[in-house]
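What Swiss-Prot records for this protein:
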type	residues	note
COMPBIAS	10-21	compositional bias 'Basic and acidic residues'
DOMAIN	58-115	domain 'SMP 1'
DOMAIN	123-181	domain 'SMP 2'
REGION	1-51	region 'Disordered'
REGION	145-182	region 'Disordered'
MOTIF	7-11	motif 'Nuclear localization signal (NLS)'
């Protein structure tokens, strides 16, 4: 069995018991802090619209990207396409899929996958959702209403009336739960 080499750690004392202290100083910098250092200023963001680098909340795009991480190798099916369309609709407010958007790409992938015999030639979830947050104009924080809409869309598209474990509906629901705890 191989032994792992650990980088030197700062010694812990009795008063220094927070878990993150054993790894050194932990800090965060917001965009406002960077702007102040550079002499710029940012306008106050709309609280319902996510900003890049937000550490406090989970956006719809980030929830979709989480699906790409958890089920990236899974071929896109109609259930996934319906859930992605519902998520994109909730993020953008547009009921019709945008050309080049996630929903249109997912629907095309599902249709292609139904006609493709070889598993290795099928379009996977990661192919569609890896950069979802960047591809969603107006990405916003996931709410429980957003998650419910996506769960409903995925259920309606399933012959078994089940959502995919670790799929789009699960990721949206997890994001909404995290956001409610904040």
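Cβ atoms are placed via backbone N, Cα and C, with glycine included.
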Secondary structure content, the domain 'SMP 2' (123-181) (per DSSP, counts of residues): 36 helix, 3 strand, 20 coil
Three-state composition of the domain 'SMP 1' (58-115), taking helix and strand from DSSP: 41 helix, 2 strand, 15 coil
